[in-house]
Amino acid sequence: MDKKEIFDALDDFSQNLLTTLAEVDAIKKHLQGVIDENTTLRLENSKLRERLEKEDKTGHKSSNFGKENLENIYEDGFHICTFSYGQRRDNDEPCMFCVELLNRD
């Protein structure tokens, strides 16, 4: 092997390493997204379990059970309007459609 072949081989190896590094970075970013989503889902699941346990312990249902249930869902940070039902509210910001539903008689 002469010097040019060695240099070319090292250059190819360097390019392969850069490509591999870019792939590893992409995988790390994807994994971070999956971890964040998993954390969010675990938190939501925990809140839902706590509310379910609380409802099981109370055992009674009032005549306004449906409205109370919607209020609890909204207070837990979820939409109750027909446009975004069940989706998490960003930073628990109020939704005018959800609030309108809660204020109906």
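Each residue, glycine too, has its Cβ placed from N, Cα and C.
Swiss-Prot annotations:
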type    : residues                   : note
BINDING : HIS79, CYS81, CYS95, CYS98 : Zn(2+) binding site
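With a cut-off of 8 Å between CB atoms and residues at least 6 apart in sequence, the same chain places CYS95, PHE97, CYS98, GLU100, LEU101 near CYS81 (Zn(2+) binding site), listed in sequence order. Of all the Cβ atoms in the protein chains shown, 18 others lie within 10 Å of the Cβ of HIS79 (Zn(2+) binding site).
Note: the Zn(2+) site is recorded as HIS79, CYS81, CYS95, CYS98; in the same chain, TYR74, ILE80, PHE83, SER84, TYR85, ARG89, MET96, PHE97, VAL99, LEU101 also have Cβ atoms within 8 Å of that site's Cβ centroid.
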